[in-house]
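A.B. asks: Straight out of Swiss-Prot:
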TRANSMEM  12-32  transmembrane segment
BINDING   His15, His135  heme b 1 binding site
TRANSMEM  46-66  transmembrane segment
BINDING   His53, His121  heme b 2 binding site
TRANSMEM  87-107  transmembrane segment
TRANSMEM  121-141  transmembrane segment
Amino acid sequence: MTQEPGYTRLQITLHWAIAGLVLFNYIFGETMERAYDAVRQNVEPAGVGHYLHVVVGLAVLVLTLVRIGARFVLGVPEKGTTPGDKVAAGLQGLLYLLTLLVPALGMTAWGGGQAWAAGPHVLAANAIMLLALVHAVSALFHQYVLKDRLLLRMMRPR
């Protein structure tokens, strides 16, 4: 993986697309819960919200795989060496892991009919939201308190 000064337009687009899709699915996640309850009662789920949730979840999975591949092909900015930089790198790694794990658990629960995966799916989705909040607050702290322009790396392509 090469060290680059910033991110490419593709990497930035993938970052924000994945973030938006994750947020969308989190906000409208109750449609899946209602659909799951209906199926357990042998009733056809109402509406199309659950289908949309599945499609968006699959998109998150595919886009995350593309984003990980892009990291290796296109490179990423050099990582810092401070303890805070190491925490940030760990947080980023967890976000990547969760954006793969949540759709996989969702597919296992819904598509695979494995009810045990529904609880971990929801728990991991909640973890994504918590870590994304920490990630966003940290980026804003860098931009507006430290004034190191770190946030611009994910807004302006190299």
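We count from 1, first residue shown onward.
Cβ from N, Cα, C; glycine included.
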A.B. asks: Quick check on the binding-site residues: of His15, His53, whose CB has the lowest count of neighbouring CB atoms inside 10 Å?
C.D. replies: His15
A.B. asks: Within this structure, do the transmembrane segment (12-32) and the transmembrane segment (121-141) have 3 or more Cβ pairs under 8 angstroms, counting pairs 6 or more apart in sequence?
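C.D. replies: Per Cβ check, the transmembrane segment (121-141) touches the transmembrane segment (12-32).
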A.B. asks: Under DSSP, is His135 (heme b 1 binding site) helix, strand or coil?
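C.D. replies: Note: His135 (heme b 1 binding site) is helical by DSSP.
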A.B. asks: Take the Cβ of His135 (heme b 1 binding site) and count every other Cβ within 10 Å, whichever protein chain it belongs to.
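C.D. replies: For His135 (heme b 1 binding site), the 10 Å Cβ neighbour count is 17.
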A.B. asks: Roughly how many angstrom lie between the C-alpha atoms of His135 (heme b 1 binding site) and His121 (heme b 2 binding site)?
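C.D. replies: Checking the Cα atoms of His135 (heme b 1 binding site) and His121 (heme b 2 binding site) gives a distance of 21 Å.
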A.B. asks: Provide, as an integer number of angstrom, the distance between the C-alpha atoms of His121 (heme b 2 binding site) and His15 (heme b 1 binding site).
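C.D. replies: Here the two Cα atoms lie 21 Å apart.
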A.B. asks: Residue list, the transmembrane segment (12-32) vs rest of chain: Cβ under 8 Å, 6 or more residues beyond ends.
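C.D. replies: Same-chain contacts beyond the ends: 47, 49-50, 52-54, 56-57, 59-60, 63-64, 66-67, 70, 99, 102, 106, 110, 122, 125, 128-129, 132, 154-157.
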A.B. asks: Using a 10 Å cut-off, grab the number of neighbouring Cβ atoms around the Cβ of His121 (heme b 2 binding site), all chains included.
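C.D. replies: A 10 Å sphere around the Cβ of His121 (heme b 2 binding site) contains 23 other Cβ atoms.
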A.B. asks: Write down the Cα-Cα distance for His53 (heme b 2 binding site) and His15 (heme b 1 binding site), rounded and given in Å.
C.D. replies: 19
